[in-house]
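To start, the structure itself, in structure tokens.
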Amino acid sequence: MVDYHASNSQASSGGPAIYMDPREQENDWDRDLLLDPAWEKQQRKTFTAWCNSHLRKAGTQIENIEEDFRDGLKLMLLLEVISGERLPKPERGKMRVHKINNVNKALDYIAGKGVKLVSIGAEEIVDGNAKMTLGMIWTIILRFAIQDISVEETSAKEGLLLWCQRKTAPYKNVNVQNFHISWKDGLAFNALIHRHRPELIDYDKLRKDDPLTNLNNAFEVAEKYLDIPKMMDAEDIVNTARPDEKAIMTYVSSFYHAFSGAQKGPLVVKRIILNESLSPGSDVVYELQSQERCTCRTVCHNIVGTLRPDEKAIMTYVSCFYHAFSGAQKAETAANRICKVLAVNQENEHLMEDYEKLASDLLDWIRRTIPWLENRAPEKTMAEMQQKLEDFRGYRRVHKPPKVQEKCQLEINFNTLQTKLRLSNRPAFMPSEGRMVSDINGSWHNLEGAEKGYEEWMLNEIRRLERLDHLAEKFRQKATIHESWTDGKEAMLTQKDYETASLSEVKALLRKHEAFESDLAAHQDRVEQIAAIAQELNELDYYDSPSVNARCQKICEQWDALGSLTQSRRESLERTEKQLESIDELYLEYAKRAAPFNNWMEGAMEDLQDMFIVHNIEEIQGLITAHEQFKSTLPEANKEREAIQAIQAEVQKIAQYNGIKLSGGNPYTTITPKTIDNKWDKVEQLVPQRDKALQEELAKQQSNDHLRRKFATQANIVGPWIQTKMEEIGRISIEMNGTLEDQLVNLREYEQSIIEYKPNIDQLEGDHQLIQEALIFDNKYTAYTMEHLRVGWEQLLTTIARTINEIENQILTRDAKGISQEQLHEYRTSFNHFDKDHSGGLMAEEFKACLISLGYDVENNKTGDAEFARIMGIVDPNNSGVVTFQAFIDFMSRETTDTDTADQVIASFKILAADKNFIMAEELRRELPPDQAEYCIARMAPYSGPDAKPGALDYMSFSTALYGERVYEFRLEIIPMDVVAPFRNRLPDCSLEEPHSSQPDRSYGDRSLPGCPGAQKKEFLQSLLRALQLEVEQSGILSPHRVSDAPLSGPMSPPPSTPVPSLRVEVWDMSDPGGEEEVLRWHFRQLDTDDSGVLSEREARPLRLYLRRRLKPRRCAKKFAQYCDRDGDRGLTLSELNACLGL
């Protein structure tokens, strides 16, 4: 029977307290352990050394810890030294009262620092009580030496243990798990010293099998070099099965303060209260009543001859058979439950390993691929860049598509695993760091970014190399022409032919030189063009820039030399001109007109042979137009050629007429009429060749334009089709008409129709490849690029796969939880109503509004915010800020159905363990299949309770870890007679009870129970009535009779050796229509301790705790008291409870 006010009633009646303050348990040091002489000896030595390490600072010390602190003087001095504060002036008298006053001043100072001294008084210290004195010193050590330790949000004992584990982790044969056995071989002490002062200890020479040497070495080094006094004897530690934990902690704390002080500066001792964490389950005080083995023997004298054998004797003997045979069935049931739970856990672990491997492989592939895509090392030639582009296309067609499928499958496996974990009530799976789905998506996004950048870079490189090849060829052509022109010019300018020439020859030389200067000026533009092209090649990082620069430099230097030589020769000729007057005007005119015309023809030939690069029809048409304009100037040029040839003919005519014998060619120029005719013929040959090249390029651009139009036509169809399908999938995922199986079939058909559209994508890929091979870099006929269409297609396939996976998970949830199609439809309707943007997920505020509409108490107040935060922690464990429909269904199914819990698994293990707090390996192998038995043995921690045996295993912590929650235990109490007596044979107090009606208050039927909508409210109230009746039934109160004075008897009864308190228990026949009301009235009277007829908040608190721990869903139990409090006076009457339960 549950005793709602056990702590109050037993405290008032002088019985043992049932519930204790956890702070009292933490501060209450284990005095019983001091009864062990070995431990007491260790504590005496350790505590004495610790006190002396501080008292020596004041010039004193103690010899006997219980004697030297009796007058309180050295105790006050010790507190002043370790705290740095002044205590009240001590009394110097020798009388007992003076000593008590001094000790009280010290104890008052300790209490003033927030330390709660349990059962330690000044009189016991003055009397030299060793047990109390050691307890007081341990409290001081905890407060001033250990509690101040803090490591990574853990403090005191846990912080010190964590510090030791971190410092000794790299050392072999050292595994610090506690403050007793882990330090017995001495290696941990040496490891701490070596970690901070490696020069003091040669750790590699220490041996685990020589603990005395190890301990003495550590103690001696610490005392000699670290100023840490020797607080323990190595022999005491080695010869003790389990060294004293307090002594070890005190000594280890000295290492912490010594080494942390060296790193952080002067040590500042803070005083805080010890708050040791209790082992699991120890904060709940409970009393186990041992289950009796049925060893009774029935003396069967005269049973056959007795007309009616004694009923109690027969019942007692038969109960022995029940307890003998029921244990085997319970063990089988418990084993089956454990097998089921472990099978689910093993399957989940296998799925987790598969996910980790698949994620690791995909991330490794991405990490290997991204550096390749980010490689921007340029190539020197077009052929090498074309090969790179071909390799990239192979990556797109061959290597990437399988990885896209792996990524999609990885997300599907992750969602399925999370669904199975939620359905089996296991904690959500958190992949290893860097292997979350979000991490994989981020890496995939980086891969696609690198892929896009790599393609753009290659195309730009191809354009650059194309431009460079064109410029380099142009540079070579112009440089070759210029070098051929300058060939011999320096020799010509440096000759001294004018010194022996006649006047006419000098004049001729002067005119020739003028013609040369004209020619030189005409070539100035070509030299400037050569320098400009060389500069552009340098700016575009041409690979052969050094040779280009060298050639350009040579040309420029030669050009400067020609200018200087030209100027020098002119000066020489002008000096000679005064003596030479004969000038041949015709030669001069010929030379002047022939030279520009010759340059024009050379320029025309150069332009006609010039390479060109165009990217569209408009550009080639511009070149054709320019060429037509050039051809229109040819007739005028031909007239100029004929005029020049006429001058030469006139020279020949005059020479012939005047009988002049020409000694050679034109003295003013080297351009002969034949040269002009040859170049003119060359120009006429190049014009049709240029026409042909331009027409071929025009045809090529028309073909490219056709490719653009073909790709654009198909892309403008595929792009909108993909967008339409994406919108349809979004609409289907929101509407979800029909059963889940119908939806799944429809979605699979829809997926097949999408897959059948794949040839259109392949066709586009082929067209896109032709475009890239033709080096087409733009397309004005469409806004879609192949990259956009690829991403859209991949998103479409991923979206339909995710939608199908969501439906499969909903079917899995429905089948596992027993949810009807109508409930799923109702959940979907509520979800879609609040999903305003149709994104398939609810933001936090949308989800809160949805919960309020379902009756959950998550309003904007402190209680509502806390409840909403708890729910969000369930539906959104990754804190993404979005609640998916699958998470919403899982939450609603969890609230409406029941699953295996850690309590049930612990109860099953308890049956297998024959009601012990631990279980042995052989018991697991006997009751469980071999593989699951070994699975448990490998994962169960050793049991360390006071009743532990060698090889004992802790099944409670193992069961708790399976579900990620803590196990609480409750017990039922036999109520002593002095508690029940006031209620026996009492007439109802009509002045305290409200008028009772046989009909329930129907107003509660229309009221909503916060957090418990619809049918859940009715089911919760019925389960509460059944639970209250079951408590009465298990205590043996239910009987065909109305009243029984017999003491309780059954599995929860005290053992025969325990005196049974006088007890009167009312029992009812539950077939009576008023039985439920009587059960409720009985529970109400137990809670109403002051007989006021109204349960205050304090009196009703045990009822609220009982509801939350025993009944589900817990959110229904949370607001039950407020629901029943009809008048809002914060008190519950019996009539209010009857009404809200519908009695």
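Placement of Cβ uses the backbone N, Cα and C atoms for every residue, glycine included.
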Stated TrEMBL location of region 'Disordered', expressed as one of 1-22, 353-374, 881-902: 1-22
When counting Cβ pairs under 8 Å to the domain 'EF-hand' (822-857), the leader among 41-145, 154-260, 863-898: 863-898
Counts of helix, strand and coil residues, the domain 'EF-hand' (863-898), according to DSSP: 25 helix, 3 strand, 8 coil
The domain 'Calponin-homology (CH)' (41-145): DSSP-derived helix, strand, coil residue counts: 71 helix, 0 strand, 34 coil
For the domain 'EF-hand' (822-857), the number of residues DSSP places in helix, strand and coil: 23 helix, 3 strand, 10 coil
